[in-house]
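Some notes on the structure that comes next.
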Amino acid sequence: MTANELTTGDFTDADEPFSLFGTWLKDAEKNEVNDPNAVALATVDPDGLPNVRMVLLKGFDEHGFVFYTNFESQKGQELLSTRKAAMCFHWKSLRRQVRLRGPVEIVTAEEADEYFRSRPRGSRIGAWASKQSRPLESRFALEKAVAEFTARHAIGEIPRPEYWSGFRIRPTSIEFWHDRPFRLHDRVEFRRPVPEGGWEKVRMYP
């Protein structure tokens with residue numbers, strides 16, 4: 001399926017954003033070569049300077065968009081401080097983009113435990129071994145830490161570190177964009193004043 005074969009005009013008739021996002025994500029899973037769930041995550045530091053990096057979306061529903069990280073990392077510290085974030089998905093093969101922003105909440109311990117158990121064993125070891133976002137003296141130091149935690153957790157389940165969990169963005173704004181000829185793109189934004197409120201749909205100039 002190519003971008004031209006998609007029923008791109010129909011998305012402007014959608015009444016709410018979550019089912020539309022689900023449809024677009026499924027299209028991306030069929031067309032994007034690598035990581036269709038990759039998303040740019042923007043946060044802000046104490047000086048008001050933005051930071052952005054790619055993360056992987058690990059779940060979404062009508063409550064929000066979920067990803068996981070080390071809370072002691074730069075993004076973890078910034079999210080714990082401001083409790084606000086923005087995301088941008090860009091699916092180049094489909095010529096589509098989705099932007100969203102809103103307040104952030106921590107997922108439940110049960111959600112974090114369930115996802116942590118689903119990760120490959122090596123990734124769970126890595127969560128213990130990596131002091132994310134802090135200076136690393138050498139690659140050998142990281143590999144040594146991996147070896148030490150591998151030995152420590154050689155038998156049985158690997159517990160989730162207390163500093164490792166997930167965040168959920170509860171969007172108050174979600175914008176859908178699709179490329180059109182002559183840069184006359186389609187843009188539709190769904191807005192609500194609070195995460196629990198109803199959606200207002202606004203068509204935007206490109």
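A Cβ is built for glycine as well, from the same backbone N, Cα and C atoms used for every other residue.
Annotated substrate binding in Swiss-Prot involves Tyr115, Arg119, Ser123, Arg183, Leu184, His185 plus, out of the candidates Lys30, Lys58, Lys75, the residue Lys58.
In space, Leu57 is the closest of the binding-site residues Leu57, Gln132, Trp177 to Tyr115 (substrate binding site), judged by Cα positions.
Site extent for FMN: the farthest pair of Cα atoms among Arg53, Met54, Val55, Leu56, Leu57, Lys58, Tyr68, Thr69, Lys75, Gln97, Gln132, Ser133, Trp177, Arg187 sits 37 Å apart. The two recorded residues, Lys75 (FMN binding site) and Lys58 (substrate binding site), show a Cα separation of 16 Å. Most Cβ neighbours within 10 Å among the binding-site residues Ser123, Gln132: this distinction goes to Gln132.
Using Tyr68 (FMN binding site) as the reference Cα, a 10 A cut-off selects Lys58 from the binding-site residues Lys58, Arg119, Ser123, Leu184.
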